[in-house]
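The domain 'Glycine transporter' annotation in TrEMBL covers B:6-80, B:92-165. What TrEMBL lists as transmembrane segment is B:6-23, B:30-51, B:57-78, B:90-110, B:116-138, B:150-169, B:175-195.
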Amino acid sequence: MTVLTALDYAAVLVFALTGALAASRKQLDLVGFAFLASLTALGGGTVRDLLLDRNPVFWIADPTPLGIACGAAVLVFFTAHLLESRQTVLTWLDALALPIAVAAGVRAASETGQSVPIVLIMGIATGCFGGLLRDIVANEVPLLIRTGKLYVTAALTGAGAYLVVEALWPSEALALAACIVTCFALRAGSLRYGWGLPVYKPRPPRG
Amino acid sequence: MTVLTALDYAAVLVFALTGALAASRKQLDLVGFAFLASLTALGGGTVRDLLLDRNPVFWIADPTPLGIACGAAVLVFFTAHLLESRQTVLTWLDALALPIAVAAGVRAASETGQSVPIVLIMGIATGCFGGLLRDIVANEVPLLIRTGKLYVTAALTGAGAYLVVEALWPSEALALAACIVTCFALRAGSLRYGWGLPVYKPRPPRG
Amino acid sequence: MTVLTALDYAAVLVFALTGALAASRKQLDLVGFAFLASLTALGGGTVRDLLLDRNPVFWIADPTPLGIACGAAVLVFFTAHLLESRQTVLTWLDALALPIAVAAGVRAASETGQSVPIVLIMGIATGCFGGLLRDIVANEVPLLIRTGKLYVTAALTGAGAYLVVEALWPSEALALAACIVTCFALRAGSLRYGWGLPVYKPRPPRG
């Protein structure tokens, strides 16, 4: 297994854990856990593959990610009660999955020779759509639109870091590392220390 | 018309009725009924065809399902006021549509020579995504994530029953029947008698 | 630039403004504005291209629409505070974007030689799915399912007007104009004067 396949699998695993945690908050059964874990873990990459017309979709070509997602579902089903706060763990695992998935998306798009804007978009799409689908299906306010938290911004910056490093050094490993570190640092800093870009502030009502 | 085409059309018809009932709960006009009926009826199979890269999508190749969905919308628009409880009828028609759509999805995937996990997934996707789209667009909590009700589990078991029977007897009709009966029995037993797998139970707060 | 490309870009621009306004209501940062603007602006056409297997998707073939959407996001980020009611402006810009996107969808489908029902559906899908995605991701009740407002009906009538005019006069410009004027007139009349088809009315409770 190459380092790159390992990355793909890691993104699937961590996103699957978040999907299973969302299922635990809805008190679903084991199959419901596996469904939501798989939807979250495979959703972003599936959107990317459909948009790029990559054929077959990655988890149809190799069903290992499906197995990983189901394994993660089983693990969470039997251990989630040990956690103090499932929502906190979900948010932090999501923060860990996002950078890995962005890196996987950027690499997949850059392999197929896409232009810079499309590579950036595919990084964002791969990183963001899994969690977005999870939140929509679980009927929660998407993490992605929470006010004052970096999410798409972290994904975009990570994808940009990949492209900059790859242009300057001929090392894919370094580019992937830069992507993951930058994206995670921004997201984690946002969650932990409130880092953020200025957000839109509506005009205060006139007195 | 073969028995199999009849099955496809039956799934479209029954899901379209549920979509139109959802539209009646939102007090839409006749075109709104047709939109939500078509989205529900065609959504699952469309997701399946996009994932499998089946081309053209089934209702573009043959628009009969569109006509069926619109007919169902008209029927419900003029008769839904006769029902005692539209939500109950919607839930039970959904329980009837699910097994038929799972069977159609399993058959379509197994025709294209997919592996066992992919055939199971396609059965689940075809069965579940139409109703999921209906509930998300209609801004309702998806039926699929209601606590303590078998839904994805029923779909998975039905798809599994198809594969088991097809492997043991060389009769597709029997396999389809096994799929539909098993899936409907589980879903109906869950709705009527509360059958279910153990669901995740959070740890009670410490006293 | 042909008149037709100008139309495509106009639909992208106006839908992007609505997406950015939705982002302002969620108090997102600039990248969040660009994400929601792009999702809204490109969503409908992307669904159309995936369904028709048009390859590559329009904004991958030519990323100009992405640039337009991001420009619209920046504009709204710095000027939305000047508006009296962002929700009202959003609704009316959406009413303007719908007809243009329907026209773009109808033309794209009719170029690829689709049958009449499929051309109508593609007009509706291109017009409606961008706004639908915006509302679902922003966790709002979709504009499309608001009781007593013409939305899908306006899209369908506009798409029908295109086909009728194109069959009677050999002028695409006239057909596009008929589509846009009809669709906008119905939607605007619905918003301003309460025009509507009869909506489904549940039976009053028995006394």
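Our numbering is plain: 1 for the first residue shown, then up by one each step along the chain.
Quick reminder: no glycine exception, Cβ is built from N, Cα and C everywhere.
On the 0 to 100 pLDDT scale, the domain 'Glycine transporter' (B:92-165) averages 94 in the predicted structure. Residue counts for the domain 'Glycine transporter' (B:6-80) by DSSP state, with H, G and I taken as helix and E and B as strand, are 64 helix, 1 strand, 10 coil.
Helix, strand and coil counts from DSSP across the domain 'Glycine transporter' (B:92-165) read 59 helix, 0 strand, 15 coil.
A contact between the transmembrane segment (B:90-110) and the transmembrane segment (B:57-78) is absent, since fewer than 3 of their C-beta pairs, 6 or more residues apart, lie under 8 Å.
Panel annotation: around the transmembrane segment (B:116-138), residues 15, 18-19, 22-23, 25-26, 36, 39-45, 47-48, 51-52, 94, 97-99, 101-106, 108-110, 144, 151-152, 155-156, 158-160, 162-163, 179, 183 of the same chain, lying at least six beyond its termini, place a Cβ under 8 Å from a Cβ of the stretch. For the transmembrane segment (B:30-51), same-chain residues at least 6 beyond its ends with a Cβ under 8 Å from one of its own Cβ atoms are 8, 11-13, 15-20, 22-24, 57-59, 65-66, 68-70, 72-74, 76-77, 101, 104-105, 108-109, 122, 125-134, 137-138.
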